[in-house]
Amino acid sequence: MLKTMMRRAGQCAVVAAACLMMSAQAAEPIKIGSFLSVTGPASFLGDPELKTLEMYVEKINEEGGVLGRQLELIHYDDVGNASSARNFASRLIRSDRVDIIVGGSTTGATMAAVPLIEQAQVPFISLAGAVVITTPVKKWVFKTPQSDRMAAERILADMKDRGITKIGLISGTGGFGSSGRTQTLEVAEQMGMDVVADVTYSGSDTDMTAQLTNIRNTKGVEAVLNFGFGQGPAIVTRNYVQLGMELPFYQSHGVASDSFLELAGSSAEGLRLPASPLLVPDSLPQEDPQKEVVQNYKAEYEARWDSKVSTFGAYAYDGLMLAVRAIEKAGSTDPEAVRGALENIQGYVGVTGEFNMSPDDHNGLDADSFRILEVQNGEWKLID
Amino acid sequence: MLNRFMQSRLRGLVILALILIILPAFLGNPFHYELVIQMAIIAATVVGLNLLVGFAGQISLGHAGFFGLGAYFTGIATGTYGWSSLPALVVGAVVVGTIAWLVGRPILRLKGHYLSMATLAVGFIIAIILNNERAITGGPDGMPVPALDLFGWELSTFGRYSLFGIEISGVQAWYILASVVLLAAVWFALNLIESPIGRALRSVHGSEVAASVVGVDTAKYKSLVFVISAIYASVMGGLYAHFQGFITPAVASFEFSILFITMVVLGGMGSTFGVILGAVVLKLLPQVLADFQELETVMFGLILMLTMIFMPKGLLPTLTAAVSKRMRKKAGGEA
Amino acid sequence: MLAEFLQYLFTGITIGATYALIALGFTLIYNASHVINFAQGEFLMIGGMATVSLTAMGVPMVIAVVLAVILAGVLGIALQRFAIAPAKQADVVTLIIITIGASIFIRGIAQVVWGKEYHVMQNFSTDQPIQVFGAVLNSQSLWVLGIGAVMVVALVLFFTKTLIGKAILATSMNKEAARLVGIRTQMVLMLAFMVSALLGSVAGIVVAPITFTSYDIGIILGLKGFVAAAIGGLGSGVGAVVGGLALGIVEAMAAGYISSDYKDAVAFSMILLVLFFMPRGLFGAKVVERV
């Protein structure tokens, strides 16, 4: 039984490999591997990421590929499960023998694959947010989104500008919210601010009124920050308004997408969050170097997929473009050369921000790449 | 002939050993090895769970809790406190066994779905603790686990080792280890089933009232087998953590518990080799179905449903029954 | 102080009423077949998602609701007819795994058909919350409670006043005897699944404005419903309602007064405690085991 199954699996692989070989014309294609949370609870990350990768690999191939070779995208769906992510990373490295990996929608999925990738010595560009991914620096691991620490810094700085020093914090117990909570607590201490209320909700909760009531009854709270992603923050936002809370309200970059506005509706009015300029491409000043990149990505994505562009897809865009740039610069797909090239990329202007990589910084972004947006009349408005 | 061969337990073990010896010839690359290693570790876990479910008839919906506890105990002991793997696995097993004994006393008095409910609750509580105690467990983003080290000898999947003068790769070394562990797990389970304890357990499954009337201390045996299956889960969880190199609270999740029980039922409750087959099929399915992309979930659900509808006794018992039926027919025709 | 308490209570009762409706669905099917239907949460999802997608296509809300409920009912019948009935000789555990397979299958289809996004459903009436002694109550909560109460009354009448309801009860008590007096037990089982699906889909529709809805909303709500049914005592209608409300209130109180991190753990510990003292739940029937 097992034997026939393994053999059958082997046959499938052989057939698939044969097909691929036929489709590649001259040179062997450059293999770009990816494992993403295309379905499952983090699908709002993985879905636009995969769409972005597919469409730009196509586009690059039409334009002649990279180093005269076609790109081949091999991707798997980890359904948001860290151990599947690790297994698919292993499959990409050991079975598909990819040249570079661009993927890992969530921090959990990314970190589960990191030990393997470090040992296998394959360049890896993660699309997940937590600061632990690139701090401390890992030789083979890079990432495109700003870290949650930068988000916390940006939000708290904005609060401070408004004279707020006492914060009520509500966060999700999932990876994103939990890591965001830790960073917020640390940053608050450094900046001399007080987190006077600190409550959490789990990703599947359907009502956060109890937690918010707790914050409301805490003396001295001057503003509320919600760190989380998925539908949770939208429920928090609605409960916030239902409870009649009027303190300044902040969300994290985890909900920086138009679908959040749809879910939260009029309750979102007046809240602020840090986001990439992708949400407000037209309000960027003409001289902003990102303006053109952002506008193009938005137009191309929306034309191809007939759905709203999201910040998360942009992480994949930057990941792919960084990979292409590094391979071109290295002049080959030699892992060590590509890694070295990645590490020395300077001044790449992406959708998320301007990347300046270095041996000490495998993210390459600074907190200023976040813009502070506010919801006004149901739309994103650039504040800072 | 074949019938008797199939029924003999020791020969089952021999067949399994032969499969494990021949299998490497069909494993094309290190990734295939990795899959089989994981299958072996998970299979050994469900062999333990099967003692509880298949023989004592007690359904646990929280077994991943013990698996996760074992994984985290090993991860924390070796990673944070620098223990060597072997003591970590052993002490972990003792700790998890004790916890299972403590919670098992009250909950094993429950019957049927109430017992399932209680085990589900225990599993959930463990998963919640692992998720929330960020300082110790790394929280929902998980924690790295160092490579397995046995007596100062580190077993990494990327290492190169020499075995009796033959050079083997890290995954091959792990493959040998996982095979030995699986065979030992099966051997122990088979012996337990054949022992007086095993007979007492089966009488509990048949009818608990009848068993207690004839003087079987049902509470004691149920609690014993609960602890044994938890220890299985703990040790395998520890090995899994070492092999994966990284664990998240998902190893203790409800979904994982459901996966374990599904492996038992799909493969064939009460059949030690059946549940191994169940583990193999359910580990292999996501890899095989990966190409269906969007339709992967649909296919998985459909296959699970159809198999259980048409083979309610599980894969292996149904297959062996079909084979022996055909054999008998053939023998009858020739006579 | 009072306002705070009331606030937690309102939150708990609203979500508890949802759990209660789901638990009732479990109870119905359990009574008729002793199966724990792990696909119960998917009926909820079908109710909410079908309503949202139909209204998005321009179908008036009321008609969309009716169509969604009918769709769930048909699905309930199909589940019994094509998945449960063919596996006649199967163990109860096997049947449970079949329902797990069915729930994965249904969820997979829903994901392909309706996509993976969360969707909004408007409140049935005003968006303005209602103020009670300093606590606020979402108007939709009243809908959840009201419709929940109507469903419970309807179920009670169904079981005590109608022939079909009595037939289901009779089958649950003794299948063989029921068959002997001429009850078509397969038909009865099918009905039980259908009614249970109807209940689930209605619950899914009334809570959708509070919780949003998506293809995977059924997993956790279904599980909570099972927990509620077990606390109350499997097979007991009163138990399902009390168990649901108790679970909801404990969750909200724990989140408010103890620790939001551990509120689910508190709820699960409560289950263990209840089962420790009452091994058959709060209202579970004392059954003598037949030897």
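Cβ coordinates are placed from backbone N, Cα and C, and glycine is handled just like the others.
The annotation transmembrane segment is assigned in TrEMBL to B:37-57, B:64-83, B:89-107, B:114-130, B:173-193, B:224-243, B:258-285, B:297-316.
Sequence-remote contacts of a segment are chain residues at least 6 beyond its ends whose Cβ falls under 8 Å from one of its Cβ atoms, and for the transmembrane segment (B:114-130) they are 58-66, 68-69, 72, 103, 107-108, 137, 249, 252-254, 257. Counting only same-chain residues 6+ beyond the ends of the transmembrane segment (B:258-285), those with a CB under 8 A from a CB of the stretch are 12, 16, 35, 38-39, 42-43, 45-47, 49-50, 53-55, 59-61, 63-64, 67, 182, 186, 189-190, 193, 300, 303-304, 307-308, 313-318. Touching of the transmembrane segment (B:89-107) and the transmembrane segment (B:173-193) is ruled out by the presence of fewer than three CB pairs under 8 A, sequence neighbours closer than 6 excluded. The list of residues near the transmembrane segment (B:297-316) in space but at least 6 beyond its ends in sequence, with Cβ under 8 angstroms from a Cβ of it, reads 262, 265-269, 271, 273-274, 277-278, 281, 285-286, 289.
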